[in-house]
Amino acid sequence: MSRAATNLQIDSARLWGSIHETAQFGATAKGGVRRLTLSSEDKQVRDWFRKACEDAGLDVHTDALGSQFGLRKGRDMSKPPVGIGSHLDTQPTGGKYDGILGTLGALEVIRTLNDAGIETEAPICIVNWTNEEGSRFAPAMMASAAYVGDFTTDDILSRKDVDGTTVGQALDSIGYRGEKPVGFQKLGCFVELHIEQGPILEAEGKTIGVVDSGQGVLWYDGKISGFESHAGSTPMPLRRDALATLSEIVLAMEAIAKKHGPNAVGTIGEAVIANPSRNVIPGEIAFTMDCRSADGAIMDALDRDLRAAIAEIAARRKVEVKIDLVWRKPPTHFDPKLIAAVENAAKTLGYSSRRITSGAGHDACNLNTVMPAAMVFVPCKDGVSHNELEDATQPDCAAGTNVLMHTVLAIAGVAS
């Protein structure tokens, strides 16, 4: 690698400005961002991103699920592109950094290479994957899952949000049902920059997390069918209370996750009571469950123990509980050569680092099933994410982007 490339640094102020400029699209009063996938706010940030990519000289295309691809040519176009990027959508009460740091960091890598006049041997492709969060349409990371063949395009287009709007209808409403088929843009590998979304790097004073693995995920949809009755005249022993049943399930999940810990977590993040009233015993509740572990055997044990506990609770309380496994994502083990490239970039640049497991799911985890993939983490304040209080520092964001850039240069090669 040339001396100019070896000493190359991104423009930290420009990256920071891009992060805060795009945070206006869906800005909330508490300083966060609400930018649900395929919403009007998502269209605004997509339009911004497309123009920024075009201004950087990239060949920009959108696929049938709305994922955006910006290709920078390399000297040898027969080589598969090095993929970098993340996502632009957020949770309903999200922050400024989740996902978008990786997407804007990828854009900053391109801008920096352009400024320095550096040509790579292999092309580079930056990507904004549609619906990584899964907060409007399930499952999460659906576009990258379709890219690797886990779902068909038609299956994803037919998925509905809580209002009955399909992905296809939402894409059409914002003009982002692209002209290219899913999978049109081939990639040789993928490297994703992201905030950690956990407390480890900050607690240990490390600047860079070299992600070597990712937790597997189990998502369930559940329904409890008890019996609605009068809150005042129904004796306690005769009640078939759906909410009391759910309360026991919540505590059972907590106990099961702790039993299999520290490498296991479980969460019930949604619960909706049908026909809620203060003087009616809840008769029906729909709920969701999220279980995770980096160990496949522990995932199997979580599923087995959870089903057994729910069956016992339902029988004892004389209610019916149905749970459907709607998504199973096996644990991820990232590519050793790419992990080494990230580690070497951090060392060369003088940043402190450590190996780390991702507790959250990411598009890179999907892509790792069909190509080499890796991730770069930077700290976030107090480990907070999926929250309007999510925060990260300018130096850490710049450090992560520098590591991303030097990892890309090592993989793509610098043309002599």
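Cβ atoms here come from the backbone N, Cα and C positions, even for glycine.
Zn(2+) 2 binding, as stated in TrEMBL, involves Asp98, Glu133; the candidate among His386, His406 given for that site is His386. Here the binding-site residues are Asp98, Glu133, and the one with the most other Cβ atoms within 10 Å of its Cβ is Asp98. Comparing local CB density within 10 A for the binding-site residues His87, His386, the maximum falls on His87.
Each residue of the domain 'Peptidase M20 dimerisation' (216-315) gets a DSSP state, and the totals for helix, strand and coil are 41 helix, 33 strand, 26 coil. Annotation for His194 (Zn(2+) 1 binding site): same-chain Cβ neighbours under 8 Å, separated by at least 6 residues, are Ser86, Asp98, Gly99, Leu101, Gly102, Ser358, His362, Met375, Val376, Phe377, Val378.
When secondary structure is read from DSSP and collapsed to three states, Glu133 (Zn(2+) 2 binding site) falls in the coil class.
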